[in-house]
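Asker: Below you will find the structure I want to go over with you.
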Amino acid sequence: MSSDPSGKIVEQALGAYKKTFAESTISDTSGDFPRFAFSELTLGKRLGEGGFGVVSEVLAFDISAHEDSHRPPETSVEVETTGVEVERKEEEEDPDFQGRKFIADHCIRNDSDARYAIKILKKSLVDKADVNLMVKALADMAVETHILSAIEHPNIVKLRGVSQQGRYHPEYFIVMDRLYDTLDKRLKAWAEVFPKPPPMPKKNPPSKRQSSGSTRSTSSRASKLGCIFGRKSSQEFDDDEEKEEQDDTVEMNPTTIESSPSNLEKKKKLLEERLVACFDLASAIAYLHERNIIYRDTKPENCAFDVRGDIKLFDFGTAKELPPQNSKRDLTFNLTGMTGSLPWMAPEVAKSDPYNHKVDVFSFAVLLWQIVALEMPFKEYESDLRLFWEEVHNGPHKRPEIPRLGWPKPIELCMRRGWAKEPSERMEMKQIENILRKEIIRVRKGDDAGLRHDRRRSTFVFRR
């Protein structure tokens, strides 16, 4: 890669970083994490890339060749005078050495898969030497490092180490857990298991009337989920209500969905898997909001599954800590507009109006619809962004269509109250998290296993 960025770029990136955390109550603890040189890494395949960074798996950390240069000078002098035993003692007492060794020793799983990955700036970006892009990229990496060093949640990717090079060096990187399928890939896989039925012949002309505030079409796949959900609320089912729900379940058209017990059980498992993913993401975002952090880019490409199948939120370059005044929960702030990705972006962000943490609620509600419906939201606007702007972010404020029958009222409530036009009318993420927990327990017939995030801990974590 190129040499260090010019002083002007570093100065501007540092200024942007400091501005982001000017009133911060979040401590930057990245200095407590193990540090590695880029030359110590053996990289495997490229896993993905974003606007500025690229993520690659790490096959090995070769720390032995660099321990002499990594060790503080006074340690080297003592080793020369007292021998190997003191050298070992110094290494054992050096927390950074212990952390480096721990990660190096556990780099590969028993099944030969890489446990860690790094995120580093794209070489093409560095070579391009565009001052504005480099400032934004370096500042984003610094922000992501700061935030990830200070948070810990089972559904947020964990920071494991950082680069020995300074944050504003083009080879600066962060070490994280290696993730596998992104949510957008998993959505496609789920859709293949639950294929869209062929269109039914129409006996009557389609009605011109549309659901108020919804976009123009929803696939028959989405409207037939009632046979799995049941068509009742998740609140307090007694035996009679469960019997009625079972009666509802068999009232489906066999030409539109296979109704064999084995097929329904398969679809129920698929539904449960998707609801758990939604619940886990809701919990992660609620956790951030409790710490006054907004994520601002909730979308399938920023969610991925680890080796155990747990979904994780990653890519915190656009995350932002709100001013302390946000504890009142109803204030809005003049923050950067057009941040995030358009289909999931709240109207106030798209229009560069003042906003707060409720923008994440909007994005999550659209993502929730996408996971339940297994359809791309607002796909009818893909070729007409002007119409999207007029009908979704303005005017009628259309939203993805929710079928009249088939989806539980609590799930509908999360969507409708999540993507409401007025931020003040939107739910809090904690409310959505609690509703989704109840829905999962209902689908599981009372089983709440794995729904207590405070009891889940990641393995292979070095703690000082």
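Every residue gets a Cβ built from N, Cα and C, even glycine.
Heads up, TrEMBL stuff is auto-annotated, nobody curated it.
Take a look at what TrEMBL says about it:
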DOMAIN    41-441  domain 'Protein kinase'
BINDING   LYS119  ATP binding site
REGION    194-264  region 'Disordered'
COMPBIAS  195-204  compositional bias 'Pro residues'
COMPBIAS  207-224  compositional bias 'Low complexity'
COMPBIAS  236-250  compositional bias 'Acidic residues'
COMPBIAS  252-263  compositional bias 'Polar residues'
ACT_SITE  ASP297  active site, proton acceptor
BINDING   ASN302, ASP315  Mg(2+) binding site
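Could you place these features in context, so I can see how deep they sit and what lies close by?
Answerer: In the predicted model, the domain 'Protein kinase' (41-441) shows an average pLDDT of 82.
Look at LYS119 (ATP binding site): DSSP puts it in a strand.
ASP297 (active site, proton acceptor): 22 other CB atoms within 10 A of its CB, across all protein chains.
Annotation note: ASN302 (Mg(2+) binding site) sits in a helical segment as assigned by DSSP. Within its own chain, ASN302 (Mg(2+) binding site) has LEU313, PHE314, ASP315 as residues 6 or more apart in sequence whose C-beta sits under 8 angstroms from its own.
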Asker: Mind checking which of LYS119, ASP315 has the fewest other CB atoms within 10 A of its CB? They're the binding-site residues.
Answerer: ASP315
Asker: Between ASP297 (active site, proton acceptor) and LYS119 (ATP binding site), what C-alpha distance do you get in Å?
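Answerer: Checking the Cα atoms of ASP297 (active site, proton acceptor) and LYS119 (ATP binding site) gives a distance of 18 Å.
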Asker: Would you identify the secondary structure of ASP315 (Mg(2+) binding site) according to DSSP, in three states?
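Answerer: It is coil.
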